[in-house]
Every structure is written in C-alpha cells, then in structure tokens.
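I have placed the structure first, in the form of structure tokens, so that the comments after it can refer back to it.
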Amino acid sequence: MAFARLSAFITLALGATLVSAAATTASKGVVCPTGQRTANAACCALFPIVDTLQQQLFDGAECGEEAHSALRLSFHDAIGFSIHGGKGGGADGSILAFNTTENAFHANGGIDDITDGQWPLFLQSGLSAGDFVHLAAAVGTANCPGAPRLKFFMGRPAPKAPAPDLTVPEPTDSVTAILKRFADAGFSPQEAVALLASHTIAAADVVDPSIPGTPFDSTPGTFDSQVFLEVLLKGKLFPGAGEQPGEVLSPLAGEMRLQSDFALARDPRTACFWQEMIDNQAHMQNEFKNAMAKLQVLGQDTRKLIDCSDVVPVPQPFTDNIKFPATFSKKDLELACPRLPLPNIATVAGPAPTVAPV
Ligand code: HEM
C-alpha cells in the first residue's frame with residue numbers, strides 16, 4: 001500500500017510538471033498532455049486512468065454488471081461511517097484496500113467480483129484506494145444513459161482501517177432500521193430514497209443464487225425512473241427458487257424485488273419521496289447527483305480535495321418518458337402517497353415481458 005501511495009504521488013507530480021510545461025492557462029483551465037481540458041492541472045493524471053477503467057473494467061464503456069457493481073461498491077465503502085464517530089473512515093476506499101476483511105461481511109455478499117476486478121487496476125493507477133473506488137463509480141455510472149454526471153474529488157488519503165461490520169443496510173432490515181442507519185451516516189430519508197435511484201441500474205447475484213444477474217427493474221441498462229414505478233406494482237411471483245431472505249413478490253418474470261425497496265416505497269416516511277421520482281427524470285438526476293456528491297466524500301476533509309469532476313465522462317441523456325411494462329397500468333399500482341398525482345404513463349405494447357438477466 002505504501003508503494004501504491006508513493007507511486008501515486010510520483011505519477012501526480014510528474015503529471016503536474018508535464019502539464020505546467022504544456023498547459024494553456026486560458027480562462028477555462030488547462031490543456032493536458034493528452035489534449036483533454038480540465039480546470040486543475042493535477043486532474044490531468046486521471047484521464048489515462050479513466051480510459052483504462054473504460055477499456056479494462058467496463059468492457060468498452062458499457063453500463064453492464066461492472067458499472068453497476070462499481071456504484072454499489074462506492075455505497076458500501078462510504079456508508080461505513082457515522083457522524084457521531086466510532087465507525088469507519090467513510091469514502092476512504094477501505095472496502096478495496098481491506099477487501100479480505102470487508103468482503104466477509106454478510107451485506108457485502110457478491111462484492112468480491114468488483115473488488116477483484118478493480119484491484120490490479122487500482123495498483124496500476126497510483127491513486128489512493130478511496131480516489132480509485134469513487135472515480136470508478138462516477139465513470140461506471142456515466143456509462144448508463146440517463147445518469148447525471150457525478151462529481152469526483154481527488155485527494156483522499158489512504159484508508160487507515162477496515163470499516164466495522166453492520167454498517168451496510170440489508171434488504172431484510174425494517175424501514176426504521178434503514179432510516180436510522182442512514183441518519184447515523186448523515187443522510188435524511190429523502191436522501192436515502194434519492195440514493196436508491198441506483199437500483200435502476202442494478203441486479204442481484206446473491207439474493208437468490210440460482211438466478212444471478214436478476215435486475216430490479218425491466219431497464220437495468222438505463223438510468224431512468226423505471227425502478228420507482230415497478231417497485232410499486234403489485235407483486236405476484238418469485239423469479240427464481242422461491243422466496244429468499246430480503247426478497248418479496250415481484251410483478252415480472254425475471255425481475256427481483258427487495259423487501260427494503262418494497263417497504264420504503266410504501267412507508268409514510270418515504271413514500272412521497274419515492275413516488276415523486278416517477279417519470280421525473282430531471283428531479284431524480286438532481287437528487288441522486290447531490291446525494292452521491294455527499295456520499296462520495298463522506299468522512300473526508302473536503303478542504304484538501306481537488307475538484308476533478310470534469311474528468312468524468314458526460315452520460316448519454318434519457319429523454320423518453322418511462323412506460324408501464326406490457327399489460328400493466330395504473331390499476332396495478334399500490335400507490336402510498338395520496339397527495340401526489342401520478343403522471344400519465346403509457347404502456348408498452350405486447351405480452352408481459354420476462355426481464356433478461358444482466
Ligand atoms: C436500503 C439500502 C440498500 C439496500 C438494503 C440494498 C441492497 C442491495 C442488494 C441486496 C443488492 C443485490 C446484491 C446481490 O445479490 O448481488 C443490491 C444491489 C445493488 N445496489 Fe443496493 N441496497 C441499498 C442501497 C443502495 C445504494 C444507496 C446504492 C448506491 C448509491 C446501491 C447500489 C446498488 C447497485 C448499483 C446494485 C447492483 C449491483 C450489481 O448489479 O452488481 N444500493 N443492493
């Protein structure tokens with residue numbers, strides 16, 4: 001680890017020197033040796049790392065399993081934190097640096113795939129583990145059409161220790177327990193729901209191991225608000241080997257519904273935050289972007305971080321309206337926020353779909 005940090009320092013120092021020689025100090029930042037533009041010369045070293053992530057981790061900039069898992073990893077890393085102290089270092093990359101310890105926690109089931117995938121690239125990058133984990137999450141999310149362009153700040157020190165167990169919420173937890181955990185980490189119920197927009201680009205491998213890659217909505221390759229709609233549909237089936245801990249009935253073959261998402265969508269403390277996301281792309285993007293900006297620097301001294309957000313690729317937009325899956329309509333919803341009108345939502349034509357695994 002010490003070596004990784006030293007080489008990070010050298011890489012950055014070298015990058016910075018090259019840049020000051022070649023940089024155009026125009027009003028809009030600098031031009032890096034790679035030809036890309038950024039507000040701060042120190043960020044130039046990140047462009048080649050972004051390229052490596054896209055080619056070697058995200059299969060050529062796809063919104064696939066690795067991109068999804070990189071986002072999940074950033075949450076599981078950062079949430080190991082308490083505003084009252086006594087827990088982990090927050091968004092410090094401890095989940096990657098101390099993966100042998102943290103991967104063994106029950107809530108981190110299946111996360112070893114992405115820590116294994118990131119490990120060699122992290123060593124090669126020269127970044128701190130925290131910078132690497134949270135850069136990868138921002139870049140992976142940017143591969144999903146409809147996602148906001150997440151911020152990225154650089155300069156997290158190396159993590160000191162693994163986060164303790166039992167900081168990551170589980171799908172078997174009650175709404176009260178989930179909101180308490182989020183509050184302990186500094187997030188309001190509204191921010192917790194905002195962060196759950198992530199489940200629009202998500203699938204489960206270990207909830208029901210007989211059906212790995214089972215998505216939480218019918219469009220896991222798009223950062224749309226479909227998950228907020230589909231979690232409110234009446235459930236009628238289990239997609240795999242029957243009911244599993246943390247799983248409840250889902251409306252569609254091939255789709256997994258988490259008990260926690262089901263409960264948060266219907267609980268009076270969160271139902272209106274949930275429902276107002278439906279077909280409200282700009283609102284959802286904005287809420288998610290802000291909550292992620294907070295999550296990704298949790299526990300860090302932000303005065304020491306450099307804003308390198310302009311190294312994050314610009315996501316493709318999602319400009320359509322969302323639709324009910326074929327055969328479903330408003331009558332199939334279990335709406336739990338009476339004060340909010342539901343927008344008009346069309347239904348996809350044809351027979352009810354079976355959602356394909358990711
Ligand atoms: C109440 C809080 C949460 C619970 C209980 C929860 C639970 C889960 C579970 C059980 C899975 C499936 C794991 C598997 O079987 O492979 C999952 C996947 C995922 N979660 Fe969450 N989650 C929560 C919040 C979040 C947040 C805040 C984020 C990000 C900001 C997030 C991002 C993801 C992503 C992207 C996946 C898909 C990973 C993949 O496809 O590889 N989750 N979550």
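If you go along the chain as it appears here, the first residue is 1 and each next one adds 1.
From the backbone N, Cα and C atoms, a Cβ is placed for every residue, glycine too.
Residues annotated as signal peptide in TrEMBL: 1-21. What TrEMBL lists as disulfide bond is C32-C44, C43-C308, C63-C144, C272-C337. TrEMBL lists 67-312 with the feature domain 'Plant heme peroxidase family profile'. According to TrEMBL, the feature site 'Transition state stabilizer' maps to R72.
Taking C43, C44, C144, C272, C308, C337 as the candidate disulfide-bonded residues, the subset whose CB lies under 6 angstroms from any atom of ligand 1 is empty. Neighbour count (other Cβ atoms within 10 Å of the Cβ, all protein chains): 25 for C63 (disulfide bond). The Cβ neighbour count for C32 (disulfide bond), using a 10 Å radius and every protein chain shown, is 23. Counting only same-chain residues six or more apart in sequence, the Cβ atoms lying under 8 angstroms from the Cβ of C144 (disulfide bond) belong to C63, A67, I201, G221, T222, F223, P315. Only C32, from the recorded positions C32, R72, C337, place their Cα within 10 Å of the Cα belonging to C43 (disulfide bond). The recorded positions shown are C44, R72, C272, C337; of these, the one with its CA atom nearest the CA of C308 (disulfide bond) is C44.
For the recorded site, C308 (disulfide bond), the DSSP three-state label reads coil. When the Cα of R72 (site 'Transition state stabilizer') is compared against those of the disulfide-bonded residues C32, C44, C272, C337, the shortest separation belongs to C272.
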